[in-house]
């Protein structure tokens with residue numbers, strides 16, 4: 001069995017349906033206008049002032065990759081960056097085609113990719129499998145153990161990351177999540193005002209995905225959070 005086939009098979013067994021990438025809603029405008037979710041290296045070359053990177057430092061060192069997570073967002077880091085943002089408070093979670101998991105060039109890390117300056121990042125089956133190990137040492141030396149009720153689609157350390165080669169084309173984005181219905185209406189009005197073609201992919205309201213404590217409890221107890229289509 002090839003690495004491609006092994007990861008594809010395991011994703012099916014675990015019920016993995018997507019990758020997640022979160023971004024400020026103001027950056028989503030650039031994604032829709034350009035047709036791509038762009039990596040940091042591309043954005044730096046374009047030197048676009050209107051696009052603000054979520055992670056200013058990228059200590060993982062892979063600027064040609066886009067940081068994603070498996071099935072659900074890295075809500076711990078999302079909580080940090082949303083609290084840091086003082087002006088623009090709306091964020092969007094993009095659901096990306098899971099085929100990126102078995103595509104060439106994709107890298108994996110069992111915890112936050114910036115840990116130990118990216119030295120834990122690996123490729124192939126070994127890298128992929130490390131995200132679902134029985135126990136993983138995470139931030140602050142804490143050891144996360146995979147309980148019997150842990151959602152099979154979620155990595156052991158909920159900050160595990162997948163580094164996907166960028167840019168990612170718009171047609172690889174399969175959906176998006178927003179915190180409230182009001183935000184969804186605001187985003188659509190903004191797209192109309194700017195003359196942007198609205199995404200044809202499903203939009204869901206999923207407040208639990210933006211709440212690190214609630215999402216953690218759902219995953220640890222084997223419950224998929226409610227996602228309501230609008």
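Even glycines carry a Cβ here, placed using N, Cα and C.
TrEMBL lists 17-211 with the feature domain 'DarT'.
The Cβ of residue 23 (NAD(+) binding site) has 21 neighbouring Cβ atoms from other residues within 10 Å, across all protein chains displayed. Residues or ranges marked as NAD(+) binding site in TrEMBL: 21, 22, 23, 59.
Positions annotated as active site, proton acceptor by TrEMBL: 59. Within its own chain, residue 59 (NAD(+) binding site) has 114, 117, 118 as residues 6 or more apart in sequence whose C-beta sits under 8 angstroms from its own. DSSP assigns residue 59 (NAD(+) binding site) to coil in the three-state reduction, placing it in neither a helix nor a strand.
DSSP assigns residue 161 (active site) to a strand in the three-state reduction. For residue 161 (active site), the Cβ neighbour count at a 10 Å cut-off comes to 28, with all displayed protein chains included. According to TrEMBL, the feature active site maps to 161.
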Check your understanding: Cα distance, residue 161 (active site) to residue 21 (NAD(+) binding site), nearest Å?
Key -> 10
Point to revise | Distance [Cα-Cα, Å, rounded] between residue 161 (active site) and residue 22 (NAD(+) binding site) | key: 12
Check your understanding: Among 21, 22, 23, 59, which the record lists as binding NAD(+), how far apart in Å are the two most distant Cα atoms?
Key -> 18
